[in-house]
Amino acid sequence: MKFTLLSTAVALLTSTAVALPTSSSSAGSLLNERSYVNASSTATTCPYSRRSPAYCAGTAQNRTLSATYICGDSRLGPVVLPQFFLPLDPILDIYDRFGGLCPGAFLEKWFNQTGSGWWDYPPQNGFSVDDEGNIIAANLTLQTGTFVDRFGSEYGSFLAPAAAPYLQRSLPPSNLNGDAKFPWNYHVYSVIKPFAVLAGPIAPWFGQPGQGVQYQTYENVATLIADGYLKAEDPQRLVPRNY
């Protein structure tokens, strides 16, 4: 497998954080789908409102779960997204979870109904590629004191610079399904001991533009914690002290 590291990517890989808003003026409620159109979505928007019976066509609609998940289908993510809840509010700002599609059309495009029975994840582990199809990535050492995060369990092996916008991560909406302990499935970590990762820009996928930075680890997050490389942190540590 070939890897390409362009000079422009070098600067990208050295980024270890994305600035959070310093005021409460960022958009809060994401309960209505946005008309935001990005590089991997079409220029159309779903013609139905969430109140329309047609909105949930093509989903595993479950009315008993409709207050928890969109259309009562856990694949589509939670109904309620952060509103005035730092640091997650700005991370999810302008996020259009279905990339302009109706829920059923989104599942038809991105979910493998007949094969794996799960999401069709991007090739090359989600890294962007050059014009010849080579992965744009390089080994990078995360230094002590760096903050990273992820939307997902500790058994995964991908991290991102802390507070990077969700739309830059090219993740499916189900990654936002959390619980009382970890709202919206959000986990923050600090680097305790330096360790190497494969770092590079993220390809557009799941109707999202991507182009953030991802760190693919050589052990899963749970192992990195157990071995003393990462420490779980309260997400509130990302909120500016004078906020």
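Numbering starts at 1 and runs along the chain as displayed.
Any Cβ shown, glycine's included, is placed from N, Cα and C.
If you look up Swiss-Prot, you'll see 1-19 marked as signal peptide, on the strength of sequence analysis. Per Swiss-Prot, region 'Thump' is recorded for 20-137, and the stated evidence type is similarity to another entry. Marked as N-linked glycosylation site by Swiss-Prot: N38, N62, N112, N139. Under the heading disulfide bond, Swiss-Prot lists C46-C102, C56-C71, citing similarity to another entry as support. Swiss-Prot lists 141-231 with the feature domain 'TNT', giving sequence analysis as the kind of evidence. Taken from Swiss-Prot, the feature active site covers R150, Q214, and the record attributes it to similarity to another entry. Taken from Swiss-Prot, the feature NAD(+) binding site applies to F151, R169.
The most crowded of the recorded positions listed here (N62, N112, N139, Q214) is Q214, judged by how many other CB atoms sit within 10 Å of its own CB.
In the predicted model, the domain 'TNT' (141-231) has a mean pLDDT of 98.
With DSSP states grouped into helix (H, G, I), strand (E, B) and coil, the domain 'TNT' (141-231) comes out at 16 helix, 35 strand, 40 coil. In the three-state DSSP scheme, N139 (N-linked glycosylation site) is classed as strand. The C-beta environment of C56 (disulfide bond), restricted to residues of the same chain at least 6 apart in sequence and closer than 8 Å, consists of C71, G72, D73, P103, G104. Around C46 (disulfide bond), taking its Cβ as the centre, 19 other Cβ atoms fall within 10 Å, counting all chains. When the alpha carbons of N139 (N-linked glycosylation site) and Q214 (active site) are compared, the span between them is 12 angstrom. Nearest in space to F151 (NAD(+) binding site), taking C-alpha to C-alpha distance over the recorded positions C46, C102, N112, Q214, is Q214. The Cβ of R169 (NAD(+) binding site) has 25 other Cβ atoms within 10 Å, all protein chains considered.
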